[in-house]
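Student: This structure is in structure tokens; I'll ask about it shortly.
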Amino acid sequence: LIGIQAEPHTESNVPAGHAIPQAHWTKLQHSLDTALRRAHSAPAGANSARVAGQTRNITVDPKLFKKRRLRSPRVLFSTQPPPVAADTQDPDLEASGAASFNRTHRSKRSSSHPVFHRGEFSVCDSVSVWVGDKTTATDIKGKEVMVLGEVNINNSVFKQYFFETKCRDPNPVDSGCRGIDSKHWNSYCTTTHTFVKALTMDGKQAAWRFIRIDTACVCVLSRKAGRRA
């Protein structure tokens, strides 16, 4: 089998810039630092960061968010749902660096098949969404783990979102992938995965783990029997 990466386009990639704006992380870091200071001065058992929902009694240390190496452009903690489909990227978000703490990064998306330039098409069609209801996932060891949905920090509930990309259709055209010579090749589109750091539960403790999410749509080829180049 031969794998071909589908032509990248705005709706199948991580939001423009391949990273959450620095302003968002700066604001997040400021809030976490504030939560840490309050946690140190609060009575025992009254820490300001805890898991919401079914595991609301489990405490999460705000220091978990301080390490830059744990950040991923496909994982976002936000107090508001990211836009499902934004017309354009908000220039003020990156240009001025004045994004409010609970704003999310906006990126250009389209519900129809994208065309970069006239006559150019993607081999496979993909769709990208922010997933905010993930409860379980497969970690890098192949084990199913619990994913934390919400974290309460300083009385603000931050939800954990994942930017996932998957194939819209395994066969965008009758013969399989778009633009493939069906006389010599069998083809189909398939969703591929990668691993990102996500906040999960490890026993009764919150911990970062690599979990698998959908991140791309690629074309898989196999040569038809009896055909030679």
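Note that the numbers count up from 1, one per residue, in the order the chain is shown.
Including glycine, each Cβ sits where the backbone N, Cα and C put it.
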Student: What does Swiss-Prot give as the disulfide partner of CYS219, choosing from CYS167, CYS177?
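Tutor: Between CYS219 and one of CYS167, CYS177, Swiss-Prot records a disulfide, namely with CYS177.
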Student: If H, G and I count as helix, E and B as strand, and all else as coil, what does DSSP give for TYR161 (1-acyl-sn-glycero-3-phospho-(1D-myo-inositol) binding site)?
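Tutor: The three-state answer is strand.
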Student: What is the Cβ neighbour count of CYS189 (disulfide bond) at a 10 Å cut-off, with all protein chains included?
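Tutor: If we count other Cβ atoms within 10 Å of CYS189 (disulfide bond), we arrive at 25.
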Student: Determine the most Cβ-crowded residue among the disulfide-bonded residues CYS124, CYS167, CYS217, using a 10 Å radius around each Cβ and all protein chains in the structure.
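Tutor: The most densely surrounded of these disulfide-bonded residues is CYS124.
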Student: Within 10 Å of the Cβ of TYR161 (1-acyl-sn-glycero-3-phospho-(1D-myo-inositol) binding site), how many other Cβ atoms can be counted across all chains shown?
Tutor: 21
